[in-house]
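What follows is a short report on a single structure.
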């Protein structure tokens, strides 16, 4: 007589039949932790089910391996297996078509989301017109010969810029030397370690030292020519 479905033996029997693959007592106990079953109770249930012939088992040394009785399952014949293979192949094709259709729809949705609304277009147009007007006013001043920045003020700004870029380069070099020393023998992934420490590289905030270095080089070149 089969055990009640809510008893320990019933739960174990249902799991073994559902898995229909070789299992040891540890496999079963791990899988049935959600039922608060101890390994000793699971082992006892497995042995009882095996003794009563409700499941099969084989011994490999000191370990027992349990499996569902195969005579309780309907095993398809060769013709049925072939039909199942054909049905599976057809389902795989349908699945691939569905995935392709979903991908196309998602791509179209992303494209629509990236388009600006009419209100956004008008707002952007107003902003661009304002920027154009400001640039035209500056250009008119330059054409009329107005000096917008005094030479002495320009020199102060350029010197300050050069100092800041050089400080940036020094600090970046110092950080790299220190970081390489710290992480040289560290087992941690550098990216994860950086995030754990809350560090941000220049690239993380959208800046690039190289572009400022090139600007400084161009500035120094113009200074030499003007001397």
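Sequential numbering from 1, following the chain as shown.
Quick reminder: no glycine exception, Cβ is built from N, Cα and C everywhere.
Any TrEMBL annotation is an automated prediction that lacks curation.
Residues annotated as domain 'Homologous-pairing protein 2 winged helix' in TrEMBL: 8-68. Taken from TrEMBL, the feature coiled coil applies to 77-145. The domain 'Leucine zipper with capping helix' annotation in TrEMBL covers 149-206.
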Across the coiled coil (77-145), average pLDDT on the 0 to 100 scale: 84
Tally of DSSP helical, extended and coil residues in the domain 'Leucine zipper with capping helix' (149-206): 45 helix, 0 strand, 13 coil
Counts by DSSP class (helix H/G/I, strand E/B, coil) across the domain 'Homologous-pairing protein 2 winged helix' (8-68): 35 helix, 13 strand, 13 coil
